């Protein structure tokens, strides 16, 4: 379920580990002779370690810290989506656009960075990327310091004041003139600052900068390790980097949990004057504080790269090889010199001429194109689900933002990490071939989404909100919401249906405002305000009896905490199950492409996932979620703000249904992949594949000069894969 830590990070983890390990193990078999006389002596080995290990380990530590910083920043952004929505009074669809801006920033320069970055000073480019990433993170937090203090809807009597005002304004003359003037002055002042609500644009631009700054970290950092690490240590180093990258989202969501408990204007206002709690739908935590912390961490992470050299001494075992690890993966000793000569004669124009034939060859591979379609649809499902999971938990189970982020960071993400590791371990333990990997990936998706189906039964009913979900005496479910906000019990009050200042009646029903509850008097101030003589707050036994109410909405039903516990258990199991199929599925992608097209195929794959899933998924998920809103907030000068209350049943069906439908469609494409693999593999190929001598992918289309390399990949890759992590 949560098989992406922030957007596409888990997918990137699988890509980097898989492709690099594939490189390493193949290189060991093709380059290193078996003759013992070729082994280095202990003295030369120690000299090699002294010459290169120190520098590469410093780079490894710095890169690990950068991976931690970018993972923390990305996951923290996910944890603050609901806070940003409330602070800027914007709908979920607009929040989805802001979230997708990160992928747009990444795509803007990925090609330039990947091509030109390898020719320049890679550590310093990574350092510059960290500075840009930190600048974007700081920019996200900047609106907090320029758009004034957060204003939430509250009736004047609930604010610390010496003026006693009746909530039900049966006669406006009973309100002191000075109080009305002050209230109007506040509204006018709010209108003057209404332009501040457009400052969400700075959040979008900041997230765009984050995407630009993060771009060089992955391709240049991993390539640097690939170039200067000892072959047998390279996979271990990358495993260390990715382990730290998994830890980053855990701390990101925990930081989000901590900041969500703090009031948004902490340090700027007297907290005693705040009349809402972190359980209120209008509560906004100190979302900006975490971005300042993440920005500082990004700056610190980038400092070491400015002092690292452009080149490190190469290990002795690689000095006499002019080919890179990726090239050596597909080149045997017999044809390496011939390939070297060919590489020196290749011109850029010739490479350009080969682009369209290569693209045609790639998209002519049915396994690749079917797997690409399956991945795009599944990532749409997962990205949309991950983006709005905090909102879903808050609205469906009545949990606070702080608790929601804490649960996701401490329970869901470790389950995903363990699932990814288990997938690779299963492949290694049982020596599963390509066809078996396809079956494992399909089985993981099938059982994962089957478990996901059970979440439909683990929801909470709508809260009883008078005029929205129940009648004013709690006896009738409503269908036409807006027209039922007014009733006979509040007909004598001058109330506005646009207000959202909920109170909880002693009958367990929430009322949109004290005025709509027909309350005639109040006592106390701030959070301790109690309303009396509320004509609409009657008990079922004696509905005509006037009763009291307190500030804040009522809690969800008694069964809701139990349902939330069930949801967590199934969510963790589903997250683990879906993640198990990640590594086998990606290995299927690697094995079914001609060796000289692997890099190109991976680039097309990543580009397609980001463009067709990373950008649109948060947007249309947000649009769909907006359709389930029952009560929209109102901006000070008119216009629709953020949603205050969702229809729990509709939200559950839309959020879970959209995720499940996309996941089911992707499963059908996975079935098609398995069918093509079975069709293209002969009985003899299956027998050989079971012995680990050859794969079953593309046996009819590969030429003889690629069969040997596929043979070597299959025999050397899996036996030692996960033990090196």
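The backbone N, Cα and C atoms fix where each Cβ goes, and this holds for glycine too.
Transmembrane segment is the annotation TrEMBL gives to one range among 654-677, 678-701, 702-725, and that range is 654-677. In TrEMBL, the feature transmembrane segment is placed on 602-625, out of the ranges 602-625, 626-649. Segment contact is absent for the transmembrane segment (563-590) and the transmembrane segment (234-264), given fewer than three CB pairs below 8 angstroms at sequence separation of 6 or more. Sequence-distant neighbours of the transmembrane segment (654-677) (same chain, 6+ residues past either end, Cβ-Cβ under 8 Å): 366-367, 370-371, 373-375, 377-378, 380-382, 384-385, 388, 392, 434-435, 438-439, 441-442, 445-446, 448-449, 452-453, 455-456, 585, 588, 621, 624-625, 627-628, 696-697. Under the criterion of 3 or more C-beta pairs below 8 Å, with sequence separation of 6 or more, the transmembrane segment (406-426) and the transmembrane segment (234-264) qualify as touching. Here the transmembrane segment (94-118) sits apart from the transmembrane segment (438-458); fewer than 3 CB pairs are under 8 Å, leaving out pairs fewer than 6 apart in sequence.
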